[in-house]
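S.K.: Annotations per Swiss-Prot:
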- Thr54: active site, nucleophile (ACT_SITE)
- Thr72, Asn74, Glu93, Asp96, Ser126, Ser127, Gly147, Gly148: L-glutamate binding site (BINDING)
Amino acid sequence: MNLGDPDFVDVSKVISDMLSTNFAQGLKKKINDNKTFDPNYYGGRWDQINDHGTSHLSIIDSERNVVSLTSTINSYFGALMLSPSTGIVLNNEMDDFSIPMKSSSNLTVPPPAPANFIRPGKRPLSSMTPTIVLKDGKVKASVGASGGLYIIAGTTEVFLNYFFLKMDPLSSVLAPRIYHQLIPNIVSYEN
């Protein structure tokens, strides 16, 4: 997908596709119960950045005030720098930008995504997905996750467990998870 900072990259087509029933039905038709294909079969063109060092918290108080907060230093010990005035470890979120490189002869790894190349003032893509769910203007849930590339799938699975499988909040979070991102072409099972 050609996702990037919308102040620098036109993401209207990607967003339109992500919200399109026809696009989703087209992807669904490509799913084969017996085989996973290369990423380009599903429309994947670019490599994904793997990040670490993330925490998430979700809070809803007795008055229905809500917070969904994801924080990251990205890699272990972030930028390896500590602020002398605050003692806070600084993040290295700059590592989430795609880095231009020469063409690779390795056909199993897609090239970096140009929409996520670094530019002054630009924000890198991130898998952080702090989410507040509302219905008719009222808070129904607060959800998010940590785990780098597992964040989006984890957040989605907790959401589905709670709203569609009718699990309680703790069971929704503790339930085993399945993860597949096409590269590497391996299914991960977490329990």
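Quick reminder: no glycine exception, Cβ is built from N, Cα and C everywhere.
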S.K.: Write out the long-range same-chain contacts of Glu93 (L-glutamate binding site), meaning residues 6 or more apart in sequence whose Cβ is under 8 Å from its Cβ.
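M.R.: Thr72, Asn74, Pro124, Ser126 - these are the non-local Cβ neighbours of Glu93 (L-glutamate binding site), listed in sequence order.
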S.K.: Where does Glu93 (L-glutamate binding site) sit in the DSSP three-state scheme?
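M.R.: It is helical.
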S.K.: Under a three-state reduction of DSSP output, how is Gly148 (L-glutamate binding site) classified: helix, strand, or coil?
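M.R.: In three-state terms, Gly148 (L-glutamate binding site) counts as helix.
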S.K.: Pick from Thr54, Ser126: which of these recorded positions has the biggest number of other Cβ atoms within 10 Å of its Cβ?
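M.R.: The largest 10 Å Cβ neighbour count belongs to Thr54.
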S.K.: Starting from the Cα of Thr54 (active site, nucleophile), work out which of the binding-site residues (Asp96, Gly147, Gly148) are within 10 Å.
M.R.: Gly147, Gly148
S.K.: With every protein chain in view, what's the tally of Cβ atoms within 10 Å of the Cβ of Asp96 (L-glutamate binding site), excluding that atom itself?
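M.R.: Asp96 (L-glutamate binding site): 20 neighbouring Cβ atoms within 10 Å.
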S.K.: Record lists Thr72, Asn74, Glu93, Asp96, Ser126, Ser127, Gly147, Gly148 as binding L-glutamate; longest Cα-Cα distance in Å?
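M.R.: Max span of the L-glutamate binding residues, Cα based, is 15 Å.
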